[in-house]
Amino acid sequence: MRSDIVKKGIEKAPHRSLFKAMGYTDEELERPLIGVANSKSEIIPGHIHLDKLTEAVKAGIRMAGGTPIEFGAIGVCDGIAMGHTGMKYSLATRELIADSCEAMSKAHSFDGMVFIPNCDKIVPGMLMAAARINIPSIVISGGPMLSLNRDGKQLDLNSLFEAVGSYKAGTMTKEEVDDIEDHACPGCGSCSGMFTANSMNCLTEVLGMGLTGNGTIPAVYAERIRLAKYAGMKIMELVEKDIKPSDILTNEAFENALTVDMALGCSTNSVLHLPAIANELGIEINLDIINEISSRTPNLCKLAPAGKYHIQDLYSAGGVQAVMSELAKKDLLHLDLVTATGKTIRENIQNAKVKDYEIVKSIDTPYSATGGIAVLRGNIAPDGAVVKKSAVAEKMLIHTGPARVFDSEDEAITAIYSGQINKGDVVIIRYEGPKGGPGMREMLSPTSAIAGMGLDSDVALITDGRFSGASRGASIGHVSPEAMEGGPIALVQEGDIVDIDIPAGRINIQVTNEEMVKRKESWKAPKPKITTGYLGRYARLVTSASTGAVLK
């Protein structure tokens, strides 16, 4: 056993004494030691209940003959961090989570790992750690929050962000906003749409690192607790067979994840995180690969924010496996890959089927012939930008309008709420990239303000920052190179005419090459906003969004 290095032989008597100081018995130490990374906290609704799942996981480990050893992991609530300095830390914590889980596992020589995340950066951070550590591992997520029906409308957190915009526009009363506030988030779980957390939980299942149902079983269902027990039992099988993440997370597995990503219409953050996870294994996922997979993958789902359905509806319609079964009908997936279930994907989806074709479209009658995410390139974004095209109003798929330029999210929000943005405008928010932010903040507040004020079908937003999975409209992010590195987005001037053609994959400003060169010659990089502490270090080490914003 890997753990023998901390428990076997006379030389390890001091080590065993320390274990015994915590109550471990000789019998427990003779079994495989399984690290359990519990990210429970009292600041994230998606994590408030993870102590219950952790106990279920540990019960499963014990039932299968192992000894669970729990430790804590950090996590940021993106919703609470949204729209202020706190959001600068969100993406940066992905690396902290990966590093700290690596340190705990390596320092104590665990035989296997169970990772218990749920929300935005915790899921990819733990998957990065699993790939890096490369010992038998499994992920059991906390599950999605339920969406509550209120006055005939399904509510979610995004309903409230947009309600603030509606209130500012004078189309909603304070009492109406208060009512949504009290009911939009009815309990524990990751926010209920196909936002970033649920996107990554679903893709964890597709990658093969989670059990069937990991992405869609609601947080409050007893089935989620049973799944956690099975995950605890399953890790012992993976340890016995020495099935490691590198056996599961192959190039083909990432192609599957991107394919299902496009079919589900996942958050654009998924194409930031999947390359980062793959990078841990020496696998390259670039925007060209993403674009190629999107071009051949039909979009089968329009879940919130793209449509009215939520993750609980996807669960009722057959879950992720049902979507995979549809894709398999057109040979769009690699089916003979090993997964954490101990079975192949082909075996996992053998009995899966769509139970409601209103929620999951047939492969023969998709919402669109191409995927939910599109990659754009042009003289604003020569290295690429991404947009969740499944959440873009049809009239905005092709758009031309004047640039309204802001050098921070805060400036843009002030302008939007004060009525300075008009129909047809293209809002440019720059110096919010991985280095410039630093931390590549999510722009949910400005996109929700635009939507809440009734402008989401008339105004586009382009940024070198990112978007929440809850953002909708012509929200084009991850513009690379970013402004802080002298990317062309730094050269856009107020009033420049911007051409957006999402179907053609193009994004340009109507400015000559000669003028762009002239502007670049006079451009000077602004002073870094933060130079000390973790964010100062992060800004110096982080790479482009086009390669996953990993640290080098």
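Glycine residues also receive a Cβ, built from the backbone N, Cα and C atoms like all the rest.
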(request) May I ask you to find which of D78, D178, D496, D499 Swiss-Prot records for the Mg(2+) site already listed with D120, K121, E442? (result) D78
(message) Whole-number answer please: how many Å between the C-alpha atoms of C119 ([2Fe-2S] cluster binding site) and D78 (Mg(2+) binding site)?
(response) 8
(message) I'd like the Cβ neighbour count for C119 ([2Fe-2S] cluster binding site), meaning other Cβ atoms within 10 Å of its Cβ, all protein chains included.
(response) 29
(request) Sort D78 (Mg(2+) binding site) into helix, strand or coil using the DSSP assignment. (result) helix
(request) In whole Å, note down how far the CA of C191 ([2Fe-2S] cluster binding site) lies from the CA of D78 (Mg(2+) binding site). (result) 10
(message) Return only the integer: C-alpha distance in Å from E442 (Mg(2+) binding site) to S468 (active site, proton acceptor).
(response) 5
